[in-house]
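Here's what TrEMBL has on this protein:
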type	residues	note
DOMAIN	8-66	domain 'RNA polymerase III subunit RPC82-related helix-turn-helix'
DOMAIN	150-352	domain 'RNA polymerase III Rpc82 C -terminal'
REGION	169-233	region 'Disordered'
DOMAIN	357-433	domain 'DNA-directed RNA polymerase III subunit RPC3 winged-helix'
Amino acid sequence: MTTQEVRLCGLLLQEHFGNVVEKVGTHLIRSGVLTLRALAHETKLPLDLVKKSLCVLVQHGMCTFGAGRRGPAGPVEYRINCEHVFHMLRYPRYIYTAKSLYGDTGELIVEEILQRGHMTMSSTVKTVADRLTHNMPEGQSMDYSEVVSVFSQLVETHFLQRCPPLASAGSSSSGAVDTPLPVATQPTEPESHPDCYKLPYINLTGQGKRRRSSEDGEADQCAAKKARTDNSECGDDDGIYWQVNFQRFHLHFRDQAIISAVSCKLDQSSSEIVRTMLRMSEGTTPAHAAFTQALSANEIFRALLSRSPDARPILDQYLSLLVDDPMEFVGKTGDSGGGMYVVNLHRALANLARATLESVVQERFGSRSARIFRLLLRKRHLEQKQVEDFAMIPAKEAKDMLYKLLSENLVQLQEIPKTPDYAPSRTFYLYTVNQLPTARLLLQHCYKTVGNLIERRLYETKENKRLLEKSQRIEAILASLQATGAEAAQLTEVEEMITVPERQQLESLRHHINKLDSSENQVDETIFLLKSYINSTQASR
């Protein structure tokens, strides 16, 4: 773990769970593996607080545990899962994706499970139905069956999966206690469980309940207690918990990025063909595969919405265009069935990462530096004189730009001596760009940028804490008065409790916070692309 990754993990833990969990999590990241007693001793926190912090991290899948170095008879050791901590950056994107695919019901299901780490199906259905009913007009309510249907769709498309069972059922209650265990209690991987996507049979009948307006103020305080009560009720699915399948969301994000790139490079029809190929092969292609499963042109034609006879020659032309395109998003592997075609996932991610690197260089150093950078990516190795000639840039400017890129580690210099003594007069100096190390460098810059954005947002919120609390109190009073049918004069009087300068300051603060949130999401998209490319490159080796 680099310094920037540790810093970002700490900021995310602090923002979502508080200072105590942040301290425990950060210390685990730096130390690697620790027992409960050692963790409490080194952090100088009470043992009870450390236990609760570990329970929170385990609940959200960010901490794993199991038999230690002394074997099954020794104390349990804990290890933090940094990748799952970074997933918190993408929570808004997961929720928005669920909303775009499955509507408001899917959005609330994913949001509830992300907030609580894992939940039973019955508890999730009841909570989501109550929330939807509360936002409906008076007299309307949400049936449990509708929420169950959307939950089933999320499981069928693998966006939700069962939590893996513990290796030892008898030791499930001792996950946060530093005592010897007979066997390792670390859960197995979800995909290795045979019933990972098997829905339990639950008999839920009824409708969501509307929360009274007088209970709104107490709702937040009772949320945790209600969750414990719901989970403790014995139901048909008691003990069967569900969690968000982050890998499935990431595959969806990757596919959408590839489809968008094809649409920008060629046209909408080409992107629809690639979308169809990805959709047809998503169930049979492994997560880290370099290519999708091969599909025949006949299968692709049958899967497309257009079935007119005139569309088949057009499809063949588009497939030939995609295969001949220099970006190499689609490849041809055979001639049977009208031609066998695959989507080159690794090549697509490499091209997306390359476009990201070129964009960063252009924004930071200008279009001429970006021209040199693209030239080195294409030609691999060039001397300074060759760079000047190919890029058509004056020698002095080309030299300055190359040295500036070299100082930022975006360009590397390779020495090839003619003689063993490395004499400068008898040595070739070749400039080159290594895409994988450069992507790793940019990824660290992105981690630093997101950390700075989070710190700035927390600072802005802390500086204007009094004004935000006042605004929330007034909004709560207005909501209460509106629910009781107050007159317009009363509502106006309450609204005027915030002065004009305070209102302007509040608008400015919200504008800045929205810009910071939007920037975080945009940088996270870059992080996702670079991380996907790095993982794909490592898996293909």
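Quick reminder: no glycine exception, Cβ is built from N, Cα and C everywhere.
Bear in mind that TrEMBL entries carry predicted annotations, made automatically and left uncurated.
Across the domain 'RNA polymerase III subunit RPC82-related helix-turn-helix' (8-66), the DSSP tally of helix, strand and coil residues reads 44 helix, 7 strand, 8 coil. Within the domain 'DNA-directed RNA polymerase III subunit RPC3 winged-helix' (357-433), the DSSP-based counts of helix, strand and coil residues read 46 helix, 13 strand, 18 coil. Mean pLDDT, taken over the domain 'DNA-directed RNA polymerase III subunit RPC3 winged-helix' (357-433), works out to 89 on the 0 to 100 scale.
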